[in-house]
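Colleague: TrEMBL feature annotations, pasted as is:
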DOMAIN    176-298  domain 'Fatty acid hydroxylase'
TRANSMEM  23-41  transmembrane segment
TRANSMEM  77-100  transmembrane segment
TRANSMEM  135-157  transmembrane segment
TRANSMEM  169-187  transmembrane segment
TRANSMEM  238-259  transmembrane segment
Amino acid sequence: MERDPVYPTMAEQQKQEEKLSDAMKVTACVLGAGLLLFTAIENSAWYVRNIWDTLGHFWQTTWLKLYCLLEGKESTLFLLGAALVPALAFWCFNGILMVADVTGKPTFITRYRIQLGKNDPVDTKRLRQAIYTALCNQVFISLPMLLPMFYILKWWGNTFSKELPTFRWFLVELSIFTIVEEILFYYTHRLVHLPLLYKHIHKKHHEWTAPIGVVSIYAHPVEHILSNMLPAMTGPMLMGSHIVSIAVWFSLALLTTSISHCGYHLPFLPSPEFHDFHHLKFNQCYGVLGVLDYLHGTDTVFRQTKAYERHRVLLSLTPLSQSIPDVPRKAE
């Protein structure tokens with residue numbers, strides 16, 4: 001007797017029930033995981049919001065105390081925020097690096113050297129020259145350039161407000177500052193690489209094929225104006241930013257360029273491989289973020305090297321020169 005095709009067999013019915021059961025289990029797991037994730041995000045957002053509000057209140061109170069202490073003198077507040085605080089950040093950070101460069105200690109730092117065998121130890125005569133040039137650029141170039149910036153910001157009328165910008169707005173400003181700096185630095189940097197300008201201006205900076213942190217502002221005065229100061233200053237002047245935002249931005253800019261030049265790929269810090277490669281090869285990697293280099297094809301050689309593989313944040317204590325070593329050269 002033939003089976004009626006309309007009615008499934010017991011085996012088929014059992015398979016359908018198993019599939020339905022499996023589908024219900026998967027759905028329950030997905031919904032449960034989604035609910036847990038949503039709860040976690042909601043709780044995290046609540047904690048972040050509370051921390052955000054607490055920190056905002058702390059910084060607002062601290063700023064008001066400083067404002068009252070200096071009697072609201074705009075010139076003093078500007079000098080403190082735009083010059084003194086960033087300079088202290090720069091020299092404190094580079095002071096630690098220079099100790100490692102000169103003494104080779106602590107070994108925790110020197111084991112992360114990018115160009116092995118270079119600046120080991122650094123030539124103290126060249127180091128003194130770099131320090132002298134960097135100080136001259138800060139005192140005789142950077143400070144005078146801050147004067148017109150001061151009056152432009154006063155015209156905006158928001159720079160010395162008693163009320164700090166919100167953290168959200170500061171992040172917006174920081175994004176704009178970074179984009180403006182990337183565009184201006186990339187094209188002014190390529191400009192000073194033109195043969196005539198390179199010979200008379202930019203060659204000074206490239207005396208260090210294996211750079212160290214303080215070399216970030218070791219440059220000809222014209223280059224310091226075009227490539228170091230203007231890219232960093234333009235964003236805040238366009239936005240009419242608060243002096244506290246400017247102080248944080250200038251400090252971050254100086255620390256970032258110091259890291260890019262420091263010669264060490266240290267754990268948990270931004271990768272300096274990109275700009276270190278520029279000092280090594282001269283005609284690659286002109287920018288900061290690398291976006292314009294990618295669009296203009298000025299990073300093609302870099303992308304074919306081990307340095308490109310190492311160009312990431314180091315999240316362990318093992319130096320990338322060990323985990324991703326260079327290909328040994330063939331014996332001639």
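Cβ coordinates come from backbone N, Cα and C, glycine included.
Distances, neighbours, how buried they are, the whole picture for these features please.
Modeller: Looking at the domain 'Fatty acid hydroxylase' (176-298) alone, the prediction's average pLDDT is 96.
Sequence-remote contacts of a segment are chain residues at least 6 beyond its ends whose Cβ falls under 8 Å from one of its Cβ atoms, and for the transmembrane segment (169-187) they are 227, 230-232, 234-236, 238-239, 241, 245, 248-249, 252-253, 286-289, 291-293.
Taking Cβ pairs closer than 8 Å, the transmembrane segment (238-259) reaches residues 59, 63, 77-78, 80-82, 85-87, 89-90, 93-94, 97, 153, 156-161, 164-165, 170, 173-174, 176-177, 180-181, 213-214, 216-217, 228, 232, 266, 269-270, 272, 288 in its own chain, all 6 or more past its ends.
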Colleague: How many of the residues that make up the domain 'Fatty acid hydroxylase' (176-298) does DSSP mark as helix, as strand and as coil?
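Modeller: Grouping H, G, I as helix and E, B as strand yields 86 helix, 1 strand, 36 coil.
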Colleague: Checking distant contacts: for the transmembrane segment (135-157), what same-chain residues at least six beyond its ends satisfy Cβ-Cβ under 8 A?
Modeller: 74-75, 78-79, 82-83, 87, 217-219, 221, 224-225, 228-229, 233, 236-237, 240-241, 243, 246
